[in-house]
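What TrEMBL annotates here:
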ACT_SITE  A:Glu57  active site, proton donor
BINDING   A:His55, A:Cys85, A:Cys88  Zn(2+) binding site
DOMAIN    A:4-113  domain 'CMP/dCMP-type deaminase'
Protein chains: 2
Amino acid sequence: MTRWPIPPSMQRALALAQEAARAGEVPIGAVVVKEGAIIGEGRNAPRGTHDPTAHAEIAAIRAAAVALGDERLTGCELFVTLEPCAMCAGAIVHARIARVTYAASDPKGGAVEHGARVFDHPQALHKPEVVSGLGEAESAELLRDFFRERR
Amino acid sequence: MTRWPIPPSMQRALALAQEAARAGEVPIGAVVVKEGAIIGEGRNAPRGTHDPTAHAEIAAIRAAAVALGDERLTGCELFVTLEPCAMCAGAIVHARIARVTYAASDPKGGAVEHGARVFDHPQALHKPEVVSGLGEAESAELLRDFFRERR
């Protein structure tokens, strides 16, 4: 039996999450894709950089915006290994990202399908399409292993 | 008659907002204060920097975290000229800021007393004290003048 292969964009986000874990950061990775090519990527790094805003999504969005020379990532997609928090969901709105695909849900800190539900209010001036569950098991395993080792 | 003086921290945030306007950015400014001293400041800059996350609060928080060498701004206060959006409210949570004071409310994009109400969900792992209205008229005037000139 062959397991359905995870698309390359989410595979790269999962690899970035593993890189975060090796650096002692909570394993979350993200990439921004435009017309099939990765134009920005990032991994969780708040501890190492002393930057509370250094989430994977923020890093990927900032890198993509620099690459395009535009604060708006119109027509771009974001792939991330965990449901975005309120901060990252807000950044996704500001960047006008067309579609967000995340792997695992995050009932404790998520703000897409949980809590603040940032995309579901008129104050979100842009509402991306949202897809969840792609690479869910792989992402959840990385997070479980990370927190198990630290207990 | 003497108008009640705005405290220096909010005065500085208002000056940063004016600086933003002069640079063609929506006039919003912010400072982070610890034990009475400003340890980080920022102003809105997404257009000039091609960075959709370059809000005043994010800049001030990042600068303060670098200054302290700590991703957590425990015991710090944030003064900002406009009600924070979801992204900035989320960053305030991650930074563990003790108190947020903002000048004007923002029904269109705010996420503290409007819309996502980021601090009011269990997914916000920290809930800062919130004070609003300090320097409200001054901040609202800066925003009104900015948008009037651009109409």
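Note that Cβ sites are derived from N, Cα and C of the backbone, with glycine treated the same way.
Bear in mind that the values here come from a model prediction, so they are computed numbers and not experimental data.
DSSP classifies A:His55 (Zn(2+) binding site) as coil under the three-state reduction. Along the domain 'CMP/dCMP-type deaminase' (A:4-113), the predicted structure has mean pLDDT 97.
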